[in-house]
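Taken from TrEMBL as is:
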- Cys59, Cys63, Cys66: [4Fe-4S] cluster binding site (BINDING)
- Phe65, Glu174: S-adenosyl-L-methionine binding site (BINDING)
- Ser138, Ser291: (3R)-3-methyl-D-ornithine binding site (BINDING)
- 45-287: domain 'Radical SAM core' (DOMAIN)
Amino acid sequence: MDPNKFKNKEMSKRECLELFENDAIFFDTLHAADSVRRDLCGDVVTYILNANINFTNVCTGTCQFCAFKVSKNHPSAFFLTPEQIGQKACDAKMAGAIEVCVQGGLLPEIDTHYQVEILKNIRKQTGPLGGISIHAFSPMEVFAAAENAGLDLKTALTMLKEAGLDSIPGTAAEILVDDVRKTLCPDKISADEWEKVITAAHKTKIPTTCTIMYGHIEENEDRVEHLFRLKKIQEETGGFTEFIPLTFLHENTPLSKRGLVESGSSGLLDLKMYAIPRLLFKEKLPNIQVSWVKLGTKFSQVGLCAGANDFGGTLMEENISRAAGSKYGSSMTRQKIENCIRQIGRVPKLRNTQYKIIDESQQKGSIPVY
Ligand SMILES: C[S@@+](CC[C@H](N)C(=O)[O-])C[C@H]1O[C@@H](n2cnc3c(N)ncnc32)[C@H](O)[C@@H]1O
Ligand SMILES: Nc1c(NC[C@H](O)[C@H](O)[C@H](O)CO)[nH]c(=O)[nH]c1=O
Ligand SMILES: N[C@@H](Cc1ccc(O)cc1)C(=O)O
Ligand code: SF4
C-alpha cells in the first residue's frame, strides 16, 4: 500500500489498521503525513503561553494508568480553594500566560456549583473578560460534577459557560472502547458518555480538544476505533480545536505495579500516532500537538516532522506526567520553545486556545517575558 494515496482520498478502517500494522511502510507513512501537514499548515509551528492548574490530586477514581491521584490522607495530598486557584491563575497571567488549563481529581463535594465558584474566582482575580482563557474540566469532571449536583449535562454546561468557561480539555478519552476501559479505567465514564459530554459541549458552543492515551493495553484495532470515533464527531460538530496524542507513561502506575504492562509505547508507535491521524483527519482537524512533557523536546521535534504542527504550551507547572515518571520537567520558556522549533527549520508562532495567531506587534503593553 502507498500511504500517499490518502493525501486526497478517505481512509477505510481496514486501511487505517494496515498503516498501524505494516512497518514496511512506516517511513512512507511519515513522509505522506509530513507532506499533508505542509500543505495544511505550512512551516508554521504554533505554541501557547499557558499554565496548568491542578486544584487537587485527591480523587475517588480508580484509573489504572494514573499515578497522579492519591487518597485524602496521603502525605502529598493537596486541595486548593477557589481563592487559591484564582490566585494561581493571576500569578500565571502576570508571568505571561494567556490560558490556564485547569484539571483535578473527582470528589463528591466537587459539583457544578463548585466548578462555577472556581471559574468565577479565576475571572475575578485575573481581571475582566478576555484577561485569560479558561480551558477547564475534562468530560469526566464535567459529567461527575453534573451528577453530584443532580443536573443534566446541558444545564451544567450552560452554567459553566456563563461563569466563564471558554473551552474543555478533551482528556478522559483514553481509549474510546469500553472493552479496554473495563480494565484500564473501570469507573470512568463510558466511551458513549465521553462522546455525549463532548457533543453537548460543542452544541453549547464550548470548543474542546481531543486526545488519545495510547501505548498500554490497547491493540491496533482499538486505536483505529478511537480515531474513527473522533473523526465522526468532528464531521458532525466541528468542535475540536486540536488533537493531542498522549503517550502512556508507565512508571509508578497501577498498571505497572500489577504487572499488566512492562513499558509504554515504542518510538515507532509514537510517530505513527501523529502520522496516521494526520492522514485520516486532514483539513477536518488540522491541528495536531506534540506533548513535550511526555516525549521530551528532541522526540517532539521528530513528531513535528511526522505530522504534528503544534508544540503545546509553556505549562509552567505539571503534576500528572511527573507523577507517572516524566523526566522532562514541568515548564518551558517561550524562548526554549521557539529555539526548539527554529532548530528544525520551522517558524514559531504564538496562538490562542482557538488557534488564532497572536500578532504581538498589535498588542498594547509589554510582551510577556515568560
Ligand atoms: C489525570 S486526568 C485529570 C482530569 C480528570 N481527573 C480525568 O481523569 O478526566 C487527565 C488526563 O491525563 C492523562 N494521563 C493520566 N495519567 C497518565 C499517564 N500515566 N500517562 C499518560 N497520560 C496520562 C489521561 O489521559 C487523563 O485523562
Ligand atoms: N499535551 C499536554 C498538555 N497540553 C495542554 C496544551 O498546552 C493546551 O492547554 C492546549 O493546547 C489548549 O490550547 N498539557 C499537559 O499538562 N500535558 C500534556 O501532555
Ligand atoms: N492536553 C490536554 C490537557 C492535558 C492535561 C494533562 C495531561 O497529562 C494531558 C493533557 C488539553 O489541552 O486538552
Ligand atoms: S485519571 Fe483522573 S479520574 Fe482517573 S484516577 Fe487519575 S485523577 Fe482520578
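The backbone N, Cα and C atoms fix where each Cβ goes, glycine too.
Heads up, TrEMBL stuff is auto-annotated, nobody curated it.
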Legend entry - Cα distance (Å, whole number) from Glu174 (S-adenosyl-L-methionine binding site) to Ser138 ((3R)-3-methyl-D-ornithine binding site): 12
Inset, instruction - Under 6 Å from ligand 4 by C-beta, which of these binding-site residues make it: Cys59, Cys63, Cys66, Ser138, Glu174, Ser291? Sequence order, please. - result: Cys59, Cys63, Cys66
Inset, instruction - Let me know the most crowded of the binding-site residues, choosing from Cys59, Cys63 and counting other Cβ atoms within 10 Å. - result: Cys63
Inset, instruction - Going by Cα-Cα distance, pick out whichever of the binding-site residues Cys59, Cys66, Glu174 is nearest to Ser291 ((3R)-3-methyl-D-ornithine binding site). - result: Glu174
Legend entry - Listed binding-site residues adjacent to ligand 2, that is, members of Ser138, Glu174, Ser291 whose C-beta is under 6 A away: Ser291
Legend entry - Rounded Cα separation (Å) that holds between Cys59 ([4Fe-4S] cluster binding site) and Phe65 (S-adenosyl-L-methionine binding site): 14
Inset, instruction - Show which residues of the chain containing Glu174 (S-adenosyl-L-methionine binding site), separated from it by at least 6 in sequence, have their CB under 8 Å from its CB. - result: Cys63, Phe65, Val180, Arg181, Leu184, Cys185, Lys188, Ile212, Met213
Inset, instruction - State the mean pLDDT for the domain 'Radical SAM core' (45-287). - result: 97
Inset, instruction - Across all the protein chains here, work out how many other Cβ atoms are within 10 Å of the Cβ of Cys66 ([4Fe-4S] cluster binding site). - result: 22
Legend entry - Other residues, Cβ within 8 Å of Cys59, Cys63, Cys66 Cβ centroid ([4Fe-4S] cluster site): Gly61, Thr62, Phe65, Phe68, Lys69, Gly105, Cys185
Legend entry - Surrounding CB atoms that lie within 10 Å of the CB of Ser291 ((3R)-3-methyl-D-ornithine binding site), all protein chains: 24
